[in-house]
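As annotated by TrEMBL, region 'Disordered' applies to 1-49, 67-88. Under the heading compositional bias 'Polar residues', TrEMBL lists 10-25. The annotation domain 'U1 small nuclear ribonucleoprotein of 70kDa N-terminal' is assigned in TrEMBL to 23-111. The compositional bias 'Pro residues' annotation in TrEMBL covers 34-43. Annotation comment: TrEMBL describes 75-88 as compositional bias 'Basic and acidic residues'. Per TrEMBL, domain 'RRM' is recorded for 122-151.
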Amino acid sequence: MGDMNEPFMRNQNAAMGQSQPTGLTPNLLKLFEPRPPLEFQPPPEKRKCPPYTGMAQYVCHFAEPGNPEYASPKPEVETPAQKRERIHKSRLEKGVEKAAEDLKNYYPNNDPNASGDPYKTLFVARLNYETSESKIKREFEAYGPIKQVDACGKESRVHLVCSSCGKESRVLQEPRVL
């Protein structure tokens, strides 16, 4: 553009109402005028404060060191290690009490859920998925009569419980893969 001192540019600025070098109109310039100076106030008078006094006159009222009446109470605070130890001991005591009570109320001969003699029950684990109950029953009938064969699990039968009822059932001598 041209120089501001050219007459054409000066007339253009005057036509737009811009007579200030900032380019603001007079009504906007009023907003940026400085405020009037503050009115002078004399400094406030210094107040007279009360003088410092000593404490020597009150020393006789202080508590003696070691006086239990004025000693601060020491709260009994339990550390986390002490809390763990306390909880551990209480759980052990509860466990011992529960075991003693359960032992007193334990009658294995009167158990309605017992289905047979545990010494005549065989637990077979890690079976092949294709092994059926009939195949297992056929394999174990060679060692004595079988009372019951229970396969545990529905789709993934990997173990079973086999109960025999004969007194003369033989013990399986060698492991066999079914």
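Keep in mind that glycine also has a Cβ here, set from the backbone N, Cα and C atoms.
Just so it is clear, the model here is predicted, and its values are computed rather than measured.
Mean predicted confidence for the domain 'RRM' (122-151): the pLDDT average there is 80. Each residue of the compositional bias 'Pro residues' (34-43) gets a DSSP state, and the totals for helix, strand and coil are 0 helix, 0 strand, 10 coil.
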